[in-house]
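Asks: The ATP 1 binding site annotation in Swiss-Prot covers Gly407, Pro408, Ser409, Gly410, Ser411, Gly412, Lys413, Ser414. The annotation ATP 2 binding site is assigned in Swiss-Prot to Gly1041, Pro1042, Ser1043, Gly1044, Ser1045, Gly1046, Lys1047, Ser1048 on the grounds of sequence analysis. For 48-337, the entry in Swiss-Prot reads domain 'ABC transmembrane type-1 1', with the evidence type sequence analysis. Marked as domain 'ABC transporter 1' by Swiss-Prot on the basis of sequence analysis: 373-608. Annotation comment: Swiss-Prot describes 679-971 as domain 'ABC transmembrane type-1 2', evidence class sequence analysis. Among the features that Swiss-Prot reports, domain 'ABC transporter 2' is placed at 1006-1242, with the record citing sequence analysis. The N-linked glycosylation site annotation in Swiss-Prot covers Asn362, Asn392, Asn780, Asn938, Asn1010, Asn1108 and is backed by sequence analysis. Taken from Swiss-Prot, the feature transmembrane segment covers 49-69, 95-115, 172-192, 196-216, 277-297, 315-335, 680-700, 727-747, 807-824, 830-850, 915-935, 949-969, and the record attributes it to sequence analysis.
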Amino acid sequence: MDNIEPPFSGNIHAETEVKKEEKKKMKKESVSLMGLFSAADNVDYFLMFLGGLGTCIHGGTLPLFFVFFGGMLDSLGKLSTDPNAISSRVSQNALYLVYLGLVNLVSAWIGVACWMQTGERQTARLRINYLKSILAKDITFFDTEARDSNFIFHISSDAILVQDAIGDKTGHVLRYLCQFIAGFVIGFLSVWQLTLLTLGVVPLIAIAGGGYAIVMSTISEKSEAAYADAGKVAEEVMSQVRTVYAFVGEEKAVKSYSNSLKKALKLSKRSGLAKGLGVGLTYSLLFCAWALLFWYASLLVRHGKTNGAKAFTTILNVIYSGFALGQAVPSLSAISKGRVAAANIFKMIGNNNLESSERLENGTTLQNVVGKIEFCGVSFAYPSRPNMVFENLSFTIHSGKTFAFVGPSGSGKSTIISMVQRFYEPRSGEILLDGNDIKNLKLKWLREQMGLVSQEPALFATTIASNILLGKEKANMDQIIEAAKAANADSFIKSLPNGYNTQVGEGGTQLSGGQKQRIAIARAVLRNPKILLLDEATSALDAESEKIVQQALDNVMEKRTTIVIAHRLSTIRNVDKIVVLRDGQVRETGSHSELISRGGDYATLVNCQDTEPQENLRSVMYESCRSQAGSYSSRRVFSSRRTSSFREDQEKTEKDSKGEDLISSSSMIWELIKLNAPEWLYALLGSIGAVLAGSQPALFSMGLAYVLTTFYSPFPSLIKREVDKVAIIFVGAGIVTAPIYILQHYFYTLMGERLTSRVRLSLFSAILSNEIGWFDLDENNTGSLTSILAADATLVRSAIADRLSTIVQNLSLTITALALAFFYSWRVAAVVTACFPLLIAASLTEQLFLKGFGGDYTRAYSRATSLAREAISNIRTVAAFSAEKQISEQFTCELSKPTKSALLRGHISGFGYGLSQCLAFCSYALGLWYISVLIKRNETNFEDSIKSFMVLLVTAYSVAETLALTPDIVKGTQALGSVFRVLHRETEIPPDQPNSRLVTHIKGDIEFRNVSFAYPTRPEIAIFKNLNLRVSAGKSLAVVGPSGSGKSTVIGLIMRFYDPSNGNLCIDGHDIKSVNLRSLRKKLALVQQEPALFSTSIHENIKYGNENASEAEIIEAAKAANAHEFISRMEEGYMTHVGDKGVQLSGGQKQRVAIARAVLKDPSVLLLDEATSALDTSAEKQVQEALDKLMKGRTTILVAHRLSTIRKADTIVVLHKGKVVEKGSHRELVSKSDGFYKKLTSLQEAV
């Protein structure tokens, strides 16, 4: 759009401000400019030619407009000399403007539509080729070269940068370059002297604006980093809110968050000062430049070198052409970023290893697969690690037999499966299938003979049926159902609302761990493989489901060669042969009974997993923290309580809904004003600056019009005197402009930042006052709450504080301009005001043009990006099932919708853009033609009509700028709703209830009296019905039962994460509802199955249990948890930073730090939820001994899955369907042959 914005319209700061550049995640290599378009085909070349032609013509229309505009002004100035002849000339020029507008319409339409379409087409092709190249790589690539690569960033963010460069931004550059060239050519042809002088002053304004942009970018980066630090604090606290509540860490969290916000607030003062100074200095230079140009133009006019209109429009032409070059800079920057981004994409596509892709199809196939596998002298080391995994390893797996591999962590069990699938090649030796080296076999065919079930199932964000279908592409629905039945999945699938068409969510998040595993088993079963590869396939199932699925797997394994990787030895007792690996060598082979009788490594492993073998108590993992695959976890504590897998959305509680209904927009604004009350003085001072700044453009336009009309005076001395006067006034205005803008921006920025900090801190405190049930709601997940804290709080500031500055400024401008316009010529003012909708539309579409019409690319491609992310993160599953082609086709399908919509969107955007500019040109023509009519009728004069016309042009663009803020204001108002929804909510479980009992000591008597409970997110599913349970002070109570029986819920209720719906939960005879919650939690210590650590040092994480603990006490706690030794071995010892959520520590190390934290708390009641699950056998024994000591004299509740951990408990209760079905000691319960507990121990029987 050729929006002809007046050279002083109050929004230069909007043009000169630049967005903060993204952090440089990409390498500095870039493709050539032509290389950027290397994905183009013939259709794209035609589109680019047509689009380039359109944008070039479009760029030349504005300079031509000024030629006709100047001709009309000159005719109007001379109208009194020959009214009829000159009026005809005005009409002719007006018609030329209309024709030029039509050219603008067509050229803009073609330019926008063609560039958008070709950008979409080329980038879609790049995305597809990039994903295909990644999927064609072998696993070695992902272990070595790809470790530091961010493929998803390249396929999403980098591709968007390339699309932006190829599409919108290339068109922008061509348009502005053509405008620049045409403008200066016309300028030199019109008044070359004035063009040279204008060319000299424009760079000064550009330098000032550029310097301001650089300073603001630097400050913004620092401010953004400060807010990012605060966001990290909030995200970490909310993602681990149960740990924060359990250790009464709310106050510490708020203090940490507040300290992070203070850093950002300090930067806001510099930001406001820099903005005010930058904008003010730019306008000051603009005033002075116009003063100089007026003076020189008057000199040329007086000496007959040019006329007033030509001088005036030449200045405008050259200034706008110079600014066009400046407007091209962001687009050139975007193209530069696109070239760098394209280099990352083309590097992958261009370097696509032919061997990696060809070997999928090259090689021989066997007519009949028997299934005999031989390792002959195989030596191997991972490409990413120099240590040898195997050295001269040899063994034979006979066809149709089941071989299980066991051994300690790092012995190479999973490596065997990887090498059989040919993920890796041996350094020496051979791997044979039916006597044929697998190197010589067609890789895709080889993998089609195998079915893999991994320990951690990988599902894709599509339907259950599609996930099973991955095992066999052309299978029918009956085959899918049969496979699901074999995996014990059919019954739960059919119970879902959409059955097999149920969407599983990204990564299968809508399914439980056991459900995901059964889908993965069904996928392998569907393949009907000759060779079955099972890597702890039943690890995620509860005991009852495990038994059924194991039976199904036993049936599937018949007559198939099967390799089983075993952690839980109960899963391999019936296999044909067990191979024990240690240090990369086969130490023992034989059946289960043979190996037990030998008393070797296998027997040792069995004994480590069963300290009371004569009672057949359990079968457990002897290595629960595998470095390759991560620790086994059957569930996350409490986290699955958020929703059932596929429940319908629950209505919000009546209280929340009622509270939200009461919050109207007006009341929210009023409440925000009250929240911002401490800054009323800042608002007043900022508003004074905004009013003064707003009045300047109108007065500036009056000065322009006055000088222009003065140029047509017949008296040279009058021209000199009046123009000199205006020039001096402009210089004076330039001097006072900087202080005015500093006043406006400094105080408004300070007001906004202080408001943001106050809103964020209030929000954070309010969030941490809510009960856990509130966090369980989908809308209150960590991501949503973090967004409210960051994005919504920023939107409130942006919409209310930042935008208020512009609104006040433009309101001042509008009032001033309308008053002046109607004062000088109400007729002209009425006609031009009637054209305001057209002028406003032109301005708004011009702003859209600068941003680009492509819309939110990230959102448009979200589904495709999600699919790519899943495929790449689960590359082993994709490779194992030879699903590269399926994934690529599905990815292409996901890209097709945004690609098709680009055509329609391009035409709509281009036509709307061109039409608005055409109508703007017609509006100018109408206004000037009408002035000629009025002058001819003697109803106005040239001077007054031009003043009215010029001042209203400024007003139109200020109104457009204000209207452009409407979406931001609407977003801000909506954000207020999110903010006050949290601030107004009253928690169901107050942490500091008035009149509650403060406890300084508790004995530890705990009693459940007729407790009924259902999770708030699933009120229709009762967890407990009249539960009665008691543990005496100082005694231990173990809670066992099948999945979903309510074991973890017992701990949740004791911690008062939730309240019973009926009945009472008492501690020391007092209902815990009457006890001050924070004082109660100080006497309780929780150790969860998955330890939650904070991103700080080990020392600080342990000290979280007791802020007043001494160094000696911290060390003693670590020793008690068997953590001191590994901590001391670290380079920085206790000051070692654990990383985000403890990623720098292994699972076992994290658990021991968590146990040390609980030890330091010295609690009266200890709550252990599988506290030793993440430890290896040796560490588990030591930590269990430490916990046994810690439990002495304390009331202890143990939630147990691994029954070995509870054999010493004073009392064991078995829960089933929310009720206590058995109670007694371990010996008492195992003596009941038909009891629930006995059945559980039998299911976990290892020997």
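Using the three backbone atoms N, Cα and C, a Cβ is placed for every residue, glycine included.
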Asks: What else in the chain is close to the transmembrane segment (172-192), if you only count residues 6 or more beyond its ends and a Cβ gap under 8 Å?
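Replies: For the transmembrane segment (172-192), the list is 52, 55-60, 62-64, 66-67, 70, 111, 198-199, 300, 305-306, 310-311, 313-314, 317-318, 320-322, 324-325, 327-328, 331-332, 335, 849-850.
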Asks: Apart from Gly1041, Pro1042, Ser1043, Gly1044, Ser1045, Gly1046, Lys1047, Ser1048, which residues in this chain have a Cβ no more than 8 Å from the mean position of the Cβ atoms of those residues at the ATP 2 site?
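Replies: Those within range, site residues removed, are Thr1049, Leu1215.
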Asks: Round to the nearest Å and give the CA-to-CA distance linking Gly412 (ATP 1 binding site) with Asn392 (N-linked glycosylation site).
Replies: 13
Asks: Go through 48-337, 373-608, 1006-1242 and flag the stretch with the largest number of C-beta pairs under 8 Å relative to the domain 'ABC transmembrane type-1 2' (679-971).
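Replies: Per the Cβ count, the answer is 48-337.
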Asks: Does the transmembrane segment (196-216) reach the transmembrane segment (277-297) with at least 3 CB pairs under 8 A, where each pair is 6 or more residues apart?
Replies: yes
Asks: Using C-alpha atoms only, work out the spacing between Pro408 (ATP 1 binding site) and Ser1045 (ATP 2 binding site) and round it to an integer in Å.
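Replies: Rounded to a whole number, the Cα-Cα distance is 33 Å.
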Asks: Report, in whole Å, the straight Cα-to-Cα distance of Asn392 (N-linked glycosylation site) from Pro1042 (ATP 2 binding site).
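Replies: Between the Cα atoms of Pro1042 (ATP 2 binding site) and Asn392 (N-linked glycosylation site), the distance comes to 45 Å.
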Asks: Reduce the DSSP letter at Asn392 (N-linked glycosylation site) to three states and note it down.
Replies: strand
Asks: Restricting to the same chain and to sequence separations of six or more, state which residues have a Cβ under 8 Å from that of Asn1010 (N-linked glycosylation site).
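Replies: Result: Asn1026, Leu1027, Asn1028, Asn1062, Gly1063, Asn1064.
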Asks: In terms of DSSP three-state secondary structure, what is the assignment for Asn1010 (N-linked glycosylation site)?
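Replies: The three-state answer is strand.
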Asks: Looking only at Cβ atoms, how many others are within 10 Å of the one on Lys413 (ATP 1 binding site)?
Replies: 26
Asks: Using Cα coordinates, what distance in whole Å links Gly1044 (ATP 2 binding site) and Asn392 (N-linked glycosylation site)?
Replies: 48
Asks: By Cβ count within 10 Å, point out the most packed of the binding-site residues listed: Pro408, Gly412.
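Replies: Of the binding-site residues Pro408, Gly412, the most buried by Cβ count within 10 Å is Gly412.
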Asks: Can you give me the same-chain residues 6 or more apart in sequence from Asn362 (N-linked glycosylation site) with a CB-CB distance under 8 Å?
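Replies: The answer is Lys442, Leu443.
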Asks: Nearest to Gly410 (ATP 1 binding site) in three-dimensional space, by Cα, is which of the recorded positions Asn938, Gly1041, Gly1046?
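Replies: So, spelling it out, the nearest of the recorded positions is Gly1041.
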Asks: Counting other Cβ atoms within 10 Å of each Cβ, which of the recorded positions Ser1048, Asn1108 scores lowest?
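Replies: Among the recorded positions Ser1048, Asn1108, the sparsest Cβ neighbourhood within 10 Å belongs to Asn1108.
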Asks: Quick check for the class: what is the C-alpha distance, in angstrom and rounded, between Asn1108 (N-linked glycosylation site) and Ser1048 (ATP 2 binding site)?
Replies: 30
Asks: May I ask for the distance between Ser414 (ATP 1 binding site) and Asn392 (N-linked glycosylation site), taken between their Cα atoms and rounded to an integer number of Å?
Replies: 17
Asks: Rounded to a whole number, how many Å is the Cα of Ser1043 (ATP 2 binding site) away from the Cα of Asn392 (N-linked glycosylation site)?
Replies: 44
